[in-house]
Amino acid sequence: MQDISLLSQANPRREDIEAPALRCATTMKFLPISLLILALATATAFAYDPSPLQDFCVAINDPKVFVNGKFCKDPKQVTAEDFLFKGLRYPGNIANPLGSKVTPAFVDQFPGINTLGISMARIDFAPGGLNPPHTHPRGTEILVVAEGTLLVGFVTSNQLNNTFFTKVLYKGDVFVFPIGLIHFQLNIGKTPALAFAALSSQNPGVITIANAVFGSKPPISPDVLTKAFQVDKKVVDYLQAQFWYDN
């Protein structure tokens, strides 16, 4: 038996040689496809905003033409002023029902960031002021507290059971809100608060949840909202009759 075993090892069967080779050939056959899929996935992940094809593209508005993005100013006419935005110097007017004011530095206010994939915002809060639940459909937000104390949080998608993540932030603290998720900031201090946000898109968009649901134009049918929120129609009528302030 030992001689037979030694003979078998010395003279391996043809199928024992061909099987690994076949598996290797099959793997190599699908490797280019796998690499292509990986490349496409990577490109998609990094191409939420269009990549710049030149050093800069200072935006100009043409009211007669609508495009997915902005037209570029002639580079020969661009000056340092195009890359400067002074709007975040000044406190926003917080004398409103929400007690907060967002001052955006998106591409519409700051043409110099066109194609650069970034934007900013200043958020001023009165004591008890709220930046109400909202989403940015095209950008992740990272927030830093400059003054005051804020309660912040976001809610995950249905897939993760609408989990609520929340923290109290103090001066100098930083918190990130993932793209597209509903989030808010509330000043829980006794003094005014100030925060600055950076976003991963030149035009991240803003959807304020209450405004969109109860203040849409034309209004959403009460039949839809009463069933969705499981409340009486009088409640929906009351909410739709309110003035939904856009901060």
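Note that Cβ sites are derived from N, Cα and C of the backbone, with glycine treated the same way.
Per TrEMBL, C57 makes its disulfide bond with C72 among C24, C72.
For the pair E141 (oxalate binding site) and H183 (Mn(2+) binding site), the C-alpha distance works out to 10 angstrom.
Using a 10 Å Cα-Cα cut-off from H183 (Mn(2+) binding site), the recorded positions that qualify among C57, C72, N131 are N131. Neighbour density for C72 (disulfide bond): within 10 A of its CB lie 18 other CB atoms from the protein chains shown. Those residues of the chain, other than H134, H136, E141, H183, with a C-beta within 8 angstroms of the mean position of the Mn(2+) site C-beta atoms are T135, F154, F177, L181, I182, P204, V206. Counted within 10 Å of its Cβ, the other Cβ atoms near H134 (Mn(2+) binding site) come to 21, all protein chains included. C72 (disulfide bond) is 25 Å away from H136 (oxalate binding site) when you measure Cα to Cα.
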